[in-house]
């Protein structure tokens with residue numbers, strides 16, 4: 001138990017100090033092996049590398065085609081078209097909701113978060129200026145749409161945290177649909193009400209939009225978006241992906257490839273530098289999956305220790321804690337420790353899925369609770385996506401993290417507990 005706590009603490013501290021995650025993962029695995037009595041060399045070269053390599057094998061094509069789809073949507077202007085239409089649809093009075101929903105639709109459709117942030121930021125900034133809303137709310141509004149209900153609660157999305165469980169549990173992306181829809185709506189309402197309240201408070205305090213040199217450049221970029229594709233046409237690749245994935249039950253890679261090809265066909269006039277797009281996607285997907293795999297590899301070393309097996313046996317033997325609750329809590333704690341929802345989810349499922357299925361829990365509800373739990377504690381201050389979002393928006397943790405914390409930690413955890421409660425009723429232990 002001590003070995004697990006010390007190695008997790010090392011993982012958190014080194015990640016927070018912005019040391020490369022590959023170095024951190026190997027170091028944490030070595031410390032874990034040393035303190036738990038495992039042969040260090042074997043643990044790192046065999047257990048660790050096997051866990052990391054298996055994650056890459058199972059998920060690389062998903063990462064690659066997800067990044068490629070996002071890049072094609074970005075380069076053709078399709079992502080910006082959808083974001084601009086949805087963001088402006090609700091008008092100045094509800095501008096903050098327009099930002100939330102535009103990010104949510106793109107993320108739910110499979111566009112990678114980073115692409116959504118880059119595409120949405122100048123549009124959202126322009127809306128905030130028209131509505132005279134303070135910029136410190138902007139990162140939270142984007143995160144409220146991109147990091148919460150759209151990617152993890154609502155079923156059917158090709159987002160990573162909804163696809164990764166299918167590998168371990170044999171489920172599909174529509175697993176436990178009623179639980180997903182109810183929790184998705186609940187989290188969405190919490191996010192929307194919260195930001196309407198914060199916007200009202202900001203206006204009451206007299207806080208307003210303040211422009212600087214960097215925001216001026218972004219506003220000029222937003223103003224130049226006048227020849228974008230029709231949003232109705234732009235959303236068709238997303239619709240195709242969802243139909244292929246959830247209606248025709250095609251593999252997620254096939255669905256993503258279909259969306260990419262349709263996007264290229266529809267907007268071929270805007271497609272330039274195809275090789276550059278492939279190079280960008282290969283490089284960024286490789287970085288993303290390695291960053292996740294090294295954390296999953298660390299989880300494999302943890303899983304191989306006697307301490308973890310004792311901890312798991314203890315957690316599943318507690319009469320006062322339902323197994324589904326224990327699974328959700330352990331998953332979100334791992335996601336927080338890793339600073340990665342997909343990494344924490346991968347560790348949790350590889351280490352605990354078989355155990356909880358053997359206790360009689362349905363794979364479908366483990367899928368849905370695991371997805372919800374993965375976005376609970378993952379977005380603490382050391383999370384890479386949080387840092388990137390704040391950097392793009394030109395805000396600091398001190399100025400804006402509070403408004404990220406409530407939607408992406410408090411409300412997502414509430415969604416996790418709701419999914420556990422619903423799952424306990426709708427999917428009783430068999």
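Every residue, even glycine, has its Cβ placed from backbone N, Cα and C.
Automatic prediction, not curation, is the source of TrEMBL annotations.
Here TrEMBL flags 27-48 (among others) as transmembrane segment.
Same-chain residues lying 6+ beyond the ends of the transmembrane segment (94-124) with a Cβ under 8 Å from its Cβ atoms: 66-67, 69-71, 73-74, 79-80, 82-88, 130-131, 133, 137-138, 141-142, 144-151, 154, 156-159, 188, 191-192, 195-196, 199, 218-219, 221-222, 225, 235, 237-239, 241-242, 256, 259, 385, 388-389, 392-393. Residues annotated as transmembrane segment in TrEMBL: 94-124 (among others).
TrEMBL lists 136-155 (among others) with the feature transmembrane segment. Below 8 angstroms of C-beta separation, residues 96, 99-108, 113, 116-117, 120-121, 124-125, 128, 161-162, 173-177, 180-181, 183-185, 187-188, 191, 194-195, 198-199, 202, 207, 341, 368, 371-372, 374-375, 379, 385-386, 389-390, 393, 395, 399-400, 402-404, 406-408, 411-412, 415, 419 of the same chain, each at least six residues beyond the ends of the transmembrane segment (136-155), sit close to that stretch.
The feature transmembrane segment is assigned by TrEMBL to 175-197 (among others).
Annotation comment: TrEMBL describes 213-419 as domain 'Na+/H+ antiporter NhaC-like C-terminal'.
The list of residues near the transmembrane segment (228-248) in space but at least 6 beyond its ends in sequence, with Cβ under 8 angstroms from a Cβ of it, reads 69, 73, 76-82, 84-86, 105-106, 109-111, 156-158, 172-174, 254-256, 258-260, 262-263, 266-267, 270. Residues annotated as transmembrane segment in TrEMBL: 228-248 (among others).
Feature annotation from TrEMBL assigns transmembrane segment to 254-272 (among others). Using a Cβ-Cβ cut-off under 8 Å and counting only residues 6 or more beyond its ends in the same chain, the transmembrane segment (254-272) has close neighbours at 62, 65-66, 68-69, 72-73, 75-78, 110, 158, 229, 233-234, 236-238, 240-242, 244-245.
What TrEMBL lists as transmembrane segment is 284-304 (among others).
What TrEMBL records for 324-349 (among others) is transmembrane segment. Residues 8, 11-12, 15, 55, 152, 160-161, 164-165, 167-169, 291-292, 295-296, 298-300, 302-303, 315-316, 318, 356, 361, 365-366, 369-380, 382-384, 413, 416-417, 419-420, 423-424 of the same chain sit 6 or more residues outside the transmembrane segment (324-349) yet have a Cβ under 8 Å from a Cβ within it.
Within its own chain, the transmembrane segment (404-429) is flanked in space by residues 139-140, 143-144, 147-149, 152-153, 176, 178-180, 182-184, 186-187, 190-191, 194-195, 322-325, 328, 332, 359-362, 364-365, 368-369, 372-373, 375-377, 379-380, 386, 389-390, which lie at least six positions past its ends and keep a Cβ under 8 Å from the stretch. Marked as transmembrane segment by TrEMBL: 404-429 (among others).
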